[in-house]
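A.B. asks: Sharing a structure here in structure tokens format.
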Amino acid sequence: MRDPAPSNSEMKRVIVGMSGGVDSSVSAVLLMEQGYQVEGLFMKNWEEDDGTEYCTAREDLADAQAVCDKIGIKLHTANFAAEYWDNVFEHFLEEYKAGRTPNPDILCNREIKFKAFLDYALMLGADLIATGHYVRRRDIDGRTELLKGLDPNKDQSYFLHAVGGEQIARTLFPVGELEKPEVRAIAEKHGLATAKKKDSTGICFIGERRFTDFLRQYLPAQPGEIKTTEGEVIGRHSGLMYHTIGQRQGLGIGGLKDASDDPWYVLVKDLENNELIVGQGNDHPWLFSRALVSSEIYWVNPIDLSSPRRLTAKVRYRQGDQPCTLEKTADGYRATFDDPQRAVTPGQSVVFYDGEICLGGGVIEIAEPWTTKDKR
């Protein structure tokens, strides 16, 4: 079902988070067609300090302004760079320093787009906010549920799992019922400047730079040895923070005597010894886990876990739903999967679903081996 349109007797004021992309542009158009009083707001979340617009903020603002001018709505601007640094970026650095691989987009949604932006919009007198995320919401039995977007290729519920039901209840998601080609068609129909603009990829504050170059500005590299599972030293790494579980590219391993031609993969980041443990083969047994542990789960709405519960989960964006059993333990939460899960990565998020309902999720802290023989 589509997000509810306002009644004739109550014209609600909605402020749309305008990113300068096609999804938020079309969101504004759809809300206007539904009769809302629509305004836009452009958020700047990163201060470029090197004279180069890596985040393309200037270009994105110009595109957002062009769209707002075209459809005849006001565009506000807000700078949340301080909030982003304190609540997102510093955590991002701490996670890498601890050897984990974080996902800043999830924290950005919780702390910036559905907190700082929401608070700012309410201060401006908005009744609701709206974003161009491919998700849906449903109001039922006095609570608001977060649902997967209708387009399985674009569903973004994975990234919004840490946003609470109260925030979801104040948000409209106009493109959540649409598929991407439909969104672009609407943009072209209305002559929007963003109709053919490419989707943004990667982390905003890194932009076009190489990730290793960016991270090196903030964290000192700590080179160490690359070892096989048998303990043989076969190379050196420039820093564990530059690598992630399941990584194949950029290891600099090759031409080893008596080794097969199978590619090498990162299996373990040994923080205690600053060693990168690698193995050959896409299906190396050390790459697979049967369970994971998270100490804290952010629920969209509270759920009953007085006994183990059958759900599905994703351990990465765009992964298919994986059947699992979730249980509350003394140390947090443990999800046991029906099938082996490849490259379960501490620092990334596990997100739980009940059908199309996104229940919530948490940061992966421990990935348990698929078999007891896999001594990591």
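Numbers here mean position along the shown chain, with the first residue as 1.
Glycine is no exception: its Cβ is also placed from the backbone N, Cα and C atoms.
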A.B. asks: Check Swiss-Prot for me: it has Gly17, Met18, Ser19, Gly20, Gly21, Val22, Asp23, Ser24, Met43 binding ATP, so pick out which one of Gly132, Gly142, Gly149, Gly164 it puts in that same site.
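C.D. replies: When Swiss-Prot describes the ATP site, the candidate it includes is Gly132.
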A.B. asks: Fill in the CA-CA distance, His133 (site 'Interaction with tRNA') to Gly21 (ATP binding site), as an integer in Å.
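C.D. replies: Cα-Cα distance, His133 (site 'Interaction with tRNA') to Gly21 (ATP binding site): 11 Å.
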A.B. asks: Excluding near sequence neighbours, so keeping only residues 6 or more apart in the same chain, what lies with its CB under 8 A of Asp23 (ATP binding site)?
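C.D. replies: Those within reach of Asp23 (ATP binding site), by Cβ under 8 Å and sequence separation of 6 or more, are Gly132, His133, Tyr134, Val175, Val183.
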A.B. asks: According to DSSP, which kind of secondary structure is Met43 (ATP binding site) found in, if we only use helix, strand and coil?
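C.D. replies: For Met43 (ATP binding site) - judged by DSSP and reduced to three states - the answer is strand.
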A.B. asks: Quick one: Cα separation, Ser19 (ATP binding site) versus Cys108 (active site, nucleophile), in Å?
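C.D. replies: Each residue's Cα considered, Ser19 (ATP binding site) and Cys108 (active site, nucleophile) end up 14 Å apart.
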A.B. asks: Provide, as an integer number of angstrom, the distance between the C-alpha atoms of Gly17 (ATP binding site) and Gln348 (site 'Interaction with tRNA').
C.D. replies: 26
